[in-house]
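Quick look at what TrEMBL annotates:
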BINDING   G217, A218, P219, G220, T221, G222, K223, T224  ATP binding site
DOMAIN    196-548  domain 'UvrD-like helicase ATP-binding'
REGION    152-172  region 'Disordered'
Amino acid sequence: MPAAHPPSPADSPLDAERAHLASSRAALRAMRAEAEALDISDVTANWVNAEVLRSEIELRVKALADLAGTPLFFGRLDLEAPEDGKAEDGEREDDGRRFYIGRRHVHDAAGDPMVIDWRAPVSQPFYRASRQDPQGVELRRRFGYEGGELTAYEDERLSGPGSEEDGEGTGEAAGALLRREIERPRVGPMRDIVATIQPEQDEIVRAALGGTVCVQGAPGTGKTAVGLHRVAYLLYAHRERLARGGTLVIGPNRSFLRYIEQVLPALGELAVRQTTVDELVAEGLEIRGEDSPAAALVKGDARMAEVLRRAVRAGVRVPGEDPGAAAEGVTVVRGSRRWRVPVHELGEIVRELLGRGLRYGSAREALPQRIAHAVLVRMEAAGEAPDDRTQNAVARTPAVKAAVKEIWPPVDPARLVLRLLSDAEFLAACAEGVLTPQEQAAILLERPPRGVKAARWSPADAVLIDEARDLVERTGSLGHVVLDEAQDLSPMQYRAVGRRCSTGSATVLGDIAQGTTPWATADWATALGHLGKPEAEVAELTRGFRVPGEVIAYASRLLPAIAPGLAPATSVRASAGALRVRAVEPEEREAAVVAACREALAGEGSVGLIAAGDRVPALAAALDAAGLGHLSPGEETSGAARLTLVPAALAKGLEYDHVILDEPTAVVAAEPDERTGLRRLYVTLTRAVSGLTVVHAERLPLALTGR
Ligand SMILES: Nc1ncnc2c1ncn2[C@@H]1O[C@H](COP(=O)(O)OP(=O)(O)OP(=O)(O)O)[C@@H](O)[C@H]1O
């Protein structure tokens, strides 16, 4: 094991480290004071620039805050001395060889670094170096803090004298500080892991911006943490490029986003948008409806993209082929002369535009100019000398505008989707050979609403509208998108996310064993194809940080039934006694749950009571009757309110120090099929950091007991 050093007496190395901490803090204060005192009156020509600059300075001042309880640095690297590097007179021997690694860069008055940002290239060996590959590091020191006080450190000698006997130095050992960090009781939102990012995680965090990375990871292997740290890293390494393109974090629901929302600000990144797929595509649309599972399945299927493409395309009326489209051709009057573009030529123009695969809207914008060009050709043939201005004027004449309206009418994406879902004939025409009659029937509305405003749109409808919108006008691409709990997205949702990073890249995080939607991802290659990133690399994380060994082994019994191809996760913490399974009589069940909650609350940290949705009201009543206050997911836990009652459907991505799981069989039964039910159970069994208590009156599912 790496050597751990407890607090020591005066003028110990710990004191020297504390002194460095104190002077780094003072330097940070000075940096902040300098930013606050910046006078911009001389450098800005107008008030708009002044406002922009002022808000940037405000952000910088905020980012320079020395947060109480957040250690300014958490590690130190001593690099090997260069071969011929004898220290000059008066020069400290460690000059240029010792780096303190922290959340942000801090420099002294002379501009020399006192703390190096964890994202800087110099910091990388802190996460990756090992005895086998020391990367120039002689000593790696990790610091332990208690309430903002530096109280301990842990050394690993990776090369040079003493490296043989001191510590394992593999860079993989779950040192005491890592264990302590994981087991530090949780209240409040998710924390960053910047001090203890592991080598396999760091590889993902620092992967190049250009490529999309997909991470398959068992519960608690740090996917969410890795995704968030990756955003922070990319913003550091490619700040300007990403400031232009933008970054986005997508999570499964609002309560999850509230749980993770503090991580990036704690890493100094205050401006990253975090949203759900539903919110991303809604764009002002009110979502009030819900689909039957059968309808949702069809609406989420990638084949709907082809149906929509045909539906949008059906708006175009080709002159000469479709009745009513500029049947007389177009006649433009200029002064005393009339110029006519005949139907067959209009038809050619339209067919050519259709063949070019442009967005519907772009082609519609190009059409008036094409017709005007045909008029110009005639003018030239008649000896006139028209110029660009004439062409523009012709394109704007009422005759051309009227023709465009008939040939290429504007498409309203929501109205188009409503028509598809309410007009059986139109749907049949667009879905021919793509959807079966049964599938068409599944998505047709029984009672179509009067209009777009009256429609009760479902989340899947909003995705269809988003696809239609993109067929009309290209969706803008962001620089980078992190997609968490990706296994639950439908192919159509992947497409919606994919077009938001079509010229950028993505980090896709998920676990096939935790897929609980009807369309859940069966394999990453297919999902990445829908995302438009088939070339993405898939990495696997199996080393679990959250869940104690005994608990993950129990939950992993479900794997053969829910995701046979996946390797079970290991745990970095054995913690015997972390799992308790209590069989009780039905009439004692609520009392047993309340008792388990009380026991858990007697310890430190957060407590989650997870139960099937329809068991929640009875359990809430039992907790109330027992005088145990409780929160809902998304409400922030605090020292005074540590118990959250979590419907199983919202447990994904969350974690609690202690979990009480009520009636596993009810959790399974609440889902439409057994595999989804067992997957939901797997999610709920893997939320605990320190202990899991299962309380049941019914028989446990066979897949869990094996008998
Ligand atoms: N390197 C690490 N150091 C300290 N804690 C870590 C590390 N990696 C992960 N953790 C902790 O383990 C817990 C699980 O991490 P996270 O939620 O990111 O996992 P996940 O793979 O997204 O899990 P799930 O699949 O259940 O959503 C978190 O509390 C996280 O802070």
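Glycine is no exception: its Cβ is also placed from the backbone N, Cα and C atoms.
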Suppose we screen the binding-site residues A218, P219, T221, G222 by Cβ distance to ligand 1 with a cut-off under 6 Å; which survive, in sequence order?
P219, T221, G222
Sorted by sequence, non-G217, A218, P219, G220, T221, G222, K223, T224 residues with Cβ within 8 Å of centre, ATP:
D511, L541, G544, F545, R546, A569
Give me the non-local Cβ neighbours of T221 (ATP binding site): same chain, 6+ apart in sequence, Cβ-Cβ under 8 Å, ordered along the sequence.
L541, T542, R543, G544, F545, A569
Among G217, P219, G220, the binding-site residues in question, whose Cβ has the most other Cβ atoms within 10 Å in this structure?
G220
Other than its own, how many Cβ atoms are within 10 Å of the Cβ belonging to A218 (ATP binding site)?
29
